[in-house]
């Protein structure tokens, strides 16, 4: 054998040995080989790894891949080997050391197929978390052992609740100074209102952290050998036995409060065995009544295998989650809800949701979650939105940037296909007549805008191609062309969001661009109800136009002030029902520009209560014009206000700088809500208008000698102060060369 051949053989033997070690990492027998895609439903898990930025979730995912034998070596997010973490495969992700887009992979863990989506932690990329959680059955919430529950944790928690996703909590970075699972536990209970309890106790503090106490099984676990591959069981250390017993009792009490079986045993003074506790944890986790809290350090290779075991033990398989769709009845055309079958066969037609689009080497890559039936290569599927017919030419499973060809995907699987021209959130089926609609994901509204243009005019074609692709892939990245200023405007979730796309245009399309000064995405809303009675009548020699509407425009409450609502509250047939779509169409068109600074109108409810029509002249265009002219009249007569995005800001700084930082935030009109101090660092949480937070990164660095950092996420829209509204309007008029109407009035009086 040649030297190269001997080297390859040795390398292969070493990989095989490592795989065997990984299989025995949790003292379980290796699974038998099963063909992927036909595994029983109870041996499938679809999970996401979610967290606040810099909590270590990508490192956690990297360890999962390694221990499951998916990769042969581990790399760090900010590694010195210039390789980077497997799931951060974009060049920009590796350069910046952050996750920008969600990435999918799958592993085999002792006979269970785990589909994993690693999601970004930065708030600017929150839509990636939204579309991941929409199609997942469970999640691992990663918390930092030092930081505990942080600002983005609140957002992730709301997203988990929105899609009813059960989760377990992994407290990471237990090797860091000041790390403790108790801070995370307190945050879960008192900040996020979860029924949570520890199932692990750390052994050793800070840099001496070297294992965990498994409170359910009643023993200690140590992670030894190269990469922590060997998991050694031992007795619980003497100095932890009393605390372990107390925490175990606390665990049982928290489960007994929400589980009938364990509750009865607790009331009857019966002690549950290990298996009964495991089963009770699973029952309560699946119904989102309990959150088990685990501990470990992904970077130091401790606790991850035990966490993967908990994913299999406690998180639901696809058959334990009820997934619904709406279809139209054949007789009346009314919508009705149906429950999708999780059976992994073709008894029922395929139903799948396209939840993510991505431009790949071979064209558009469309990620699917299969909810019912099976999808095979060569199948014809129909889009429920418009009935268009598409043939599935290639079917793959993703592992970060790599893919594996498959022939069939079954209910519960996550797969991808090429050449499917569609939009994110569309539902497809093999039954042309079924036309099911799965509930789509929540898409937050952009809060910041910038002008953008290519540096070189010759790059105009690539500039348009890049914008077209990125706006199709990311529904929170939007563009429009300002005819007045003759410039393209892009909008997104934050400065970083837009900067990343600008850099991608340069790296992926060889089109360097210039970004303008950031501007706030204001909204315009009514300050008080406005009653209207408007008649539209137009006679031009031919067919005339007529429409009359009466009703009220109400401002919506603060929790709904980003939408526009329309309702028919008429009695009788003064306005025929078939004309209301035209009124709605007119409303949808005119709310694009409000009366103050031509920002989008939001937070209003237009209620039509009465009116009249003409048998001939009340055409669709007549009713559209009736609505639009009524709104224009309201622009003159009603009390309109500006709404601005309010951001939740979390600043972490050395305690000696806390006073200066609080002062600086207050000067930016921030309302301080919480301050906390731990191990020499202070955390300041506040709410501040987005318009007042531009440039704060530089100021914070200056105030804290470069040691402070802050994160910011959208909280809500709220009315500006009258002074701020006057200032914004004056700046807008100056920018567009429009005279102040109040000044004209003053001159006339003189």
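Note: Cβ is positioned from N, Cα and C throughout, glycine not excepted.
Now, the feature entries from Swiss-Prot:
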BINDING   51-58, 118-122, 172-175  GTP binding site
DOMAIN    42-319  domain 'tr-type G'
TRANSIT   1-24  transit peptide
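Annotation note: residue 57 (GTP binding site) sits in a helical segment as assigned by DSSP. Within 10 Å of the C-beta atom of residue 119 (GTP binding site) sit 28 other C-beta atoms, taking all shown protein chains into account. According to its DSSP assignment, residue 174 (GTP binding site) is coil. Fewest Cβ neighbours within 10 Å among the binding-site residues 51, 54, 57, 174: that distinction goes to 54.
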